[in-house]
Structure formats: structure tokens, C-alpha cells
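**Q** What Swiss-Prot lists as disulfide bond is 103-176. Annotation comment: Swiss-Prot describes 347 as phosphothreonine, evidence class similarity to another entry. Sequence annotations record features per position, and here Swiss-Prot assigns topological domain 'Extracellular' to 1-26, 90-105, 169-195, 254-277. Marked as topological domain 'Cytoplasmic' by Swiss-Prot on the basis of sequence analysis: 48-68, 127-147, 217-232, 299-356. Positions annotated as transmembrane segment by Swiss-Prot, on the basis of sequence analysis: 27-47, 69-89, 106-126, 148-168, 196-216, 233-253, 278-298.
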């Protein structure tokens, strides 16, 4: 069994140059059951939720906004991420392992989706900061074309950042893990973990905290009946992200310290490995919540879902598909593309609930 930020294998003992063998067979057995069950659950819920987001956004004829572009790419990142989980489930419960190409490809797609999802969440917070705090100056920059260009840049960054995580991965026997050159064996795992901590958590948290803090300041300075709801939703986003990702990143940091011999005691090593498995599953399940807190909560997105539902009903019933926006919705769409005076949640959406 393996966790993604700890190259520890399926053997029942862990060996250390300065200590005796540490028995971890019971933890390996627990992890085999625990990870396989929860990987399957995360896959099922994450697949359904994010597929709904993609279908709703791509099937609507309504003009897209920069918000829609970012939500679509966030859903695609999460889909890429969860698509690898059945392979990891197979890896956890099977004794045969992967083919080398499958090992490398699965690891690559996993980390690209992993970093892509976090980067798009960060970009969404920056976009909201621009739409609300810098509303007057950002309206010309918040176009669909700008969203597409930014999204391509985010994908490129995700691939670049993910590369150190999978470039040395290969299948060795029954295990899919990092096979580092001798000169990098000591430093590369440390660099991987440090990169994950900084670029995958610390930097995004700092950016999100600053953006949403400034947004809340701006909301307090204006008069709007949706202000209280918007602030609650902002706090929900930050708190949920922090609660789901902090324990896992703490364990990655402790795993790094273990590489330097900070946990020579066998019981501490066992506890660390058990905690890493549990917190990893909690962190990964965040992709199941993204559709709920970033898309489904929005009034505009719920309209997308209603139109998608009508299309599906028409197809199932064998009726012609005629789904169009009513005049009131068309007018509302035009109004949503105008920046409100002092309180703009999205210059192209105007939807307070989308301020998540």
C-alpha cells in the first residue's frame, strides 16, 4: 500500500539504518481496507457532482462568463483527479501492481488534477477579489477570452508543478513509487513534500485569505441585502478548505521531518503512517464538495441545471429538444453582465451565492 506523499510499500516492516525493523503489517492491512473503501466513495460522489457541473455548463446556450470558465476548469481538474482513484483502489487491494506505463500515467494525471484543482480554487478567489474590490478597474479584464487564457496558463502551471511528483515514478515489482537517481535519493522526496506544502497549500491559503479578507471589508462598506449571506459563504469556503487540507499538509510536513530522523520511535512511525492515510482521504474528499460550494449554490448555475434537466426529460420522452431562455431570463442575463454600483459579486454573474 502507498500514500501519495509517502513512498512506503506493502511490506509489513519498515527498515531504518539506525534502528531495528518496525512492524507495520496491521496498519498496512487497515489501510488496504480503509483507502479502498474511501477512494471508491470519493470517486463515485466526485464523478457525479463534477460531471453535472461540466454537463450543465457545456449544454447551456446562455452566453458564458469568466466565472463559468473557471468553474468548468475546476470541475475538469477534479474529474481528472477522481478518474485516477479506481486505479489507486486497484493498486491498494491488488498484489499485482501496475504496468510501468500505467503507473507513470496514473501518477501524472493524479498530480496534474491535484494541483490544477487547488490552483483553480485560488484563481476563483483572485477573480472574485477583482470583481468586488477592484470592480471599476477590472471589468475590461474579466472577459471570457481572459478566462480562457488564464485557464490555459493554470493548466500549464499545474503540469509544471506536478512534474517533480511523477517524473521519477515507475513500477518496481508490485509497487508504483519514486525511483530516484542515487544523487537525488535523499533530497528529492524532501523537495516533493516541500513543493506540495508550499505550492499546494500554504501559498493558496495566503492568497485566498487575503482576497476574501479584502472582499469582506468591501462588503461591510456597502449596503446590500445579500451582504450577510455572501459573508457567510465566504467564511464557509475558507473554513472548509482549511479544515480539509490542513491536517493532510501537516502530515506531509511531519513525513518530511521523518526523513531527517525526527521520529526514530516505532510507535511514532506507526501513528504517522496511520494518520497520513486518514488525512489523505479527508483531503481528497474535498473534490466532492467543490461542485456544492462553488457551483450548485449559485442561482445562475441552478438555472443551468434546470435547463439541463428539461433537455434530459425531452430526450427520454422522445420529444424535440426546445430549451430556450425566457425574456425575463434574457433580460436578467443582460443585467447580470453590468457592474453594480458598489457591490458586485461577479461582474458577469451578479449572483451573490456564487461568491463562494
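Residue 1 is the first one shown; counting continues down the chain.
Any Cβ shown, glycine's included, is placed from N, Cα and C.
It should be emphasised that the depicted structure is a prediction, and the values quoted were computed from it without experimental measurement.
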**Q** If you count, for each of the disulfide-bonded residues 103, 176, the other Cβ atoms lying within 10 Å of its Cβ, which residue has the minimum?
**A** 103
**Q** Which sequence-distant residues neighbour the topological domain 'Extracellular' (90-105)? Criterion: at least 6 residues beyond either end, Cβ under 8 Å.
**A** 1-2, 10, 31-32, 35-36, 39, 166, 169-171, 173-176
**Q** Which listed stretch (69-89, 148-168, 196-216, 278-298) has the most C-beta pairs under 8 A with the transmembrane segment (233-253)?
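**A** So the stretch in question is 278-298.
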**Q** Restricting attention to the topological domain 'Extracellular' (169-195), give the mean pLDDT.
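**A** Averaged over the topological domain 'Extracellular' (169-195), the predicted model reaches a pLDDT of 86.
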**Q** Where does residue 103 (disulfide bond) sit by DSSP, helix, strand or coil?
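**A** Residue 103 (disulfide bond) sits in a helix per DSSP.
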**Q** What is the number of residues in the topological domain 'Extracellular' (169-195) that are helix, strand and coil, as DSSP sees it?
**A** 11 helix, 8 strand, 8 coil
